[in-house]
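Beneath this line is the structure, given in structure tokens, with notes to follow.
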Amino acid sequence: MNEDLKVNLSGLPRDYLDAAAAENVSAAVSSRVPVVEPEPELVVNPWDIVLCTSGTLISCENAIVVLIIFHNPSLRAPMFLLIGSLALADLLAGLGLIVNFVFAYLLQSEATKLVTTGLIVASFSASVCSLLAITVDRYLSLYYALTYHSERTVTFTYVMLAMLWGTSICLGLLPVLGWNCLRDESTCSVVRPLTKNNAAILSVSFLCMFALMLQLHIQICKIVMRHAHQIALQRHFLATSHYVTTRKGVSTLAVILGTFAACWMPFTLYSLIADYTYPSIYTYATLLPATYNSIINPVIYAFRNQEIQKALCLICCGCIPSSLAQRARSPSDV
């Protein structure tokens, strides 16, 4: 009886006091047991890291080409102007990937998203258009070999550069000027904030340019084979030498066109058939090879060129190797 009175001195029911005592015991026990905190979630998307790394490599590689052409007065021929345009476009594309990564995780806003997307669209469009312009220039240099080195060719080159950069800038400005899906997510494409119509226009334009490049490369192959055959007849070369030369030219053009198609075709076709409801991993998996094209372009179009190789050797070691100084161009060097 006395115990009951002692327990009920507080004026609280026995059930309440028992529950409070149990809580005190559990708190004392839990204080002695180390608390395991949940692991923090992954904040940075690994695919974004890969794209940013790819953009860094693109920027460094193409910056070398831009500096070589800019600081060399001898590299002012139409061919080098177009190669410089390609390198500049790829350089801006690499910088766009880097800026997009920084803004996505440090400065998130609709304005920065639109600006970086416009920069990436404009630069990659200029890159593809520059590849088409280089193909046109190579075709003209073979088809009009006698009149190619003239003032008219230089004027035509500047016109092509103005057209391709003007078109690319207009395509890049479309998301900034309001053609985006920020207000209506149902109209988004696989790349937000581009709309499905915007992505479709870019994809169809790419397919048309690829078809034109394919046709021009076929004509280039025919001209190279005809020129090699004529040279073989004039110099009394063996038939095997003629076939080796033509095969080298055809294989070079096949590598150029095949690399371009392998890099860009997956993302182009995916953009036509998919929308924002598709898993983002498919977008990253098809977009990443497209960025690789900007890594490969300097190797195919710049570093294989004899004059650029000489300029690069002068910058690096201050001399020109005898192998480069004595090397002569063949009909397959197109």
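For all residues, glycine too, the Cβ spot is worked out from N, Cα and C.
Automated prediction, rather than curation, is the source of TrEMBL annotations.
Copied over from TrEMBL:
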TRANSMEM  47-70  transmembrane segment
DOMAIN    61-301  domain 'G-protein coupled receptors family 1 profile'
TRANSMEM  82-108  transmembrane segment
TRANSMEM  114-136  transmembrane segment
TRANSMEM  156-179  transmembrane segment
TRANSMEM  199-218  transmembrane segment
TRANSMEM  250-269  transmembrane segment
TRANSMEM  281-303  transmembrane segment
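Touching of the transmembrane segment (47-70) and the transmembrane segment (281-303) is concluded from the presence of at least three CB pairs under 8 A, sequence neighbours closer than 6 excluded. Mean pLDDT for the domain 'G-protein coupled receptors family 1 profile' (61-301) in this predicted model: 87. Panel annotation: around the transmembrane segment (82-108), residues 43-44, 48-49, 51-52, 54-63, 65-66, 69-70, 75, 116-117, 119-120, 122-124, 126-127, 129-131, 133-134, 137, 157, 160-161, 164-165, 168, 291, 294, 297-298, 301-302, 305, 308 of the same chain, lying at least six beyond its termini, place a Cβ under 8 Å from a Cβ of the stretch.
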